[in-house]
Amino acid sequence: MAEKTPVDVAVVGSINADTTYLVPHLPAPGETILGTGRLDAPGGKGANQAAAIAALGASVDFVGAVGDDGNGVALVEALASRGVGVEHVRVLKSAATGSAVIVVAESGENSIVVHPGANGELAPGHIADYLSNRAPEVIMAQLEIPLETVVEACKRAQGTVIVNPAPMPEKSPQLDEIIARADILVPNRTELAALAGQPVPQSHDEVVACAQMLNLEGQLVVTLGSDGALCFPDGVAGEVVSVASPVVSAVDTSGAGDAFCGALAVGIRQGKSLVEAVEYATKFASWSVTQPGAQVPQTTPDSLLVSG
C-alpha cells in the first residue's frame with residue numbers, strides 16, 4: 001500500500017458564493033430597508049476555515065463539492081490561489097454551487113441565509129476516498145454538509161477531530177455520534193444552548209452550567225463573540241478557563257467564527273495546549289472582524305503566522 005501524503009489540516013465542509021449587503025441596521029420582520037453597498041465574494045464555513053488556515057501558513061486540504069457551473073469554477077480557483085489544496089473538491093452535475101446571502105449592519109452584526117446546493121450532496125464516500133491517500137494531522141468539520149458525511153470523517157480520522165456544530169441541526173443519532181467522536185467541540189452560545197436543550201446562556205456562570213449538561217467526553221470551547229471564549233481543557237466537568245478578546249473596531253463579524261476555528265486548528269497542529277490555541281484563535285478572530293468579507297485576507301499580520 002502506498003504511503004499516505006501528510007498534511008497539517010483537512011477541512012471537510014461547505015463552499016458557497018456569498019452575496020453581502022451592507023445596511024444601516026438589520027431589518028425587523030416585515031421591514032424593507034435600502035442597502036448601502038454590495039459585495040460578491042467566496043464563502044461557506046468550510047472554505048472560510050480553509051482560507052484562514054492557509055493565510056496562517058499551515059498546509060491545508062479542502063474536501064467539498066461544487067456544482068458544474070461558473071460559481072463553482074471561480075470558488076475553487078479562488079481557494080487554490082490562496083494555497084489551499086483543492087484536488088479533492090468534487091464537481092457535481094446534480095446540483096448548483098452553494099450560495100449565501102449575508103446582511104451586515106453598520107454595527108458589524110449580521111444575518112445569514114444559506115442555500116446548500118452541492119454542499120448537500122457531499123457523500124461519505126468522498127471522505128473515504130480522500131483519507132485513503134492523505135493523512136491530515138487535524139480534521140476540521142462543520143454541519144453545512146450532510147451529517148452522515150461528517151460522521152464518516154470522524155470515524156476515519158487518525159488525527160485530532162475538531163467539530164464546529166454550525167448550523168445546528170435537529171437532534172438526531174448522527175448528531176449525537178458526531179458530538180461523541182469530536183476531540184474538540186466548538187459551539188457558540190446559541191449552538192451550546194441547542195445542544196443542551198436550554199435557553200441561550202448570557203453570563204459566564206450560565207454558559208458553564210449549560211456546558212455541564214452536555215454528555216461530552218472531549219474538550220469544549222464556547223465562543224462568545226466580543227466576550228472571547230470559555231475553554232474546558234479537561235472536559236465539561238473540569239477546569240474552566242476564560243480567554244478575553246482584544247478590543248477592536250469591528251467592520252464585519254460574518255466570518256469571525258470561521259477565522260477562530262481555522263486558527264484553533266492551526267494552533268492545535270502546532271502542539272499548543274487547548275488554552276494556548278484558543279488564545280491564538282481569539283487574537284486572529286479579533287483581527288479578522290476588522291476586515292470586510294467572510295474570508296480573511298491573504299495578507300495576515302506577521303505576529304500571527306505559523307513559525308518554524
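Heads up, the Cβ atoms here are built off N, Cα and C, so glycines get one too.
Quick look at what TrEMBL lists:
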type: DOMAIN; residues: 8-299; note: domain 'Carbohydrate kinase PfkB'
type: BINDING; residues: Asn16, Ala17, Asp18, Gly44, Lys45, Gly46, Ala47, Asn48, Glu144, Asp258; note: substrate binding site
type: BINDING; residues: Asn188, Thr223, Leu224, Gly225, Ser226, Asp227, Gly228, Gly257, Asp258; note: ATP binding site
type: BINDING; residues: Asp252, Ser254, Ser288, Gln291, Gly293; note: K(+) binding site
type: ACT_SITE; residues: Asp258; note: active site, proton acceptor
Cα-nearest neighbour of Leu224 (ATP binding site) within the listed binding-site residues, Asn16, Lys45, Glu144: Lys45
Environment of Asn16, Ala17, Asp18, Gly44, Lys45, Gly46, Ala47, Asn48, Glu144, Asp258, the listed substrate site - residues of the same chain whose CB lies within 8 A of the CB centroid: Gly13, Ser14, Ile15, Pro42, Gly43, Gly98, Ala100, Ala294
Euclidean distance between Cα atoms of Asp258 (ATP binding site) and Ser288 (K(+) binding site), Å: 10
Candidate binding-site residues Asn16, Glu144, Asn188, Ser226, Gly228, pick with smallest Cα gap to Gln291 (K(+) binding site): Ser226
Of Asn188, Ser226, Gly228, Asp252, Ser254, Asp258, i.e. the binding-site residues, those within 10 Å of Ala47 (substrate binding site) when Cα atoms are compared: Asp258
Nearest of the binding-site residues (Asp18, Ser226, Gly228) to Gly293 (K(+) binding site), judged by Cα-Cα distance: Asp18
Overall pLDDT for the domain 'Carbohydrate kinase PfkB' (8-299), taken as the rounded mean: 95
Least Cβ-crowded entry, counting other Cβ within 10 Å, from the binding-site residues listed as Asp252, Asp258: Asp252
CB-centroid shell, 8 A cutoff, K(+) site Asp252, Ser254, Ser288, Gln291, Gly293, site residues removed: Val251, Thr253, Gly255, Ala256, Ala259, Val289, Pro292, Ala294, Gln295, Val296
Rounded inter-Cα distance in Å - Asp252 (K(+) binding site), Asn16 (substrate binding site): 18
List of residues, in chain order, with Cβ under 8 A from that of Gly228 (ATP binding site) and at least 6 apart: Ser242, Val243, Ala244, Ser245, Thr282
From Asn188, Ser226, Asp258, the binding-site residues whose CA lies within 10 Å of that of Lys45 (substrate binding site): Asp258
Packing count at Ser254 (K(+) binding site) (other Cβ atoms within 10 Å of its Cβ): 25
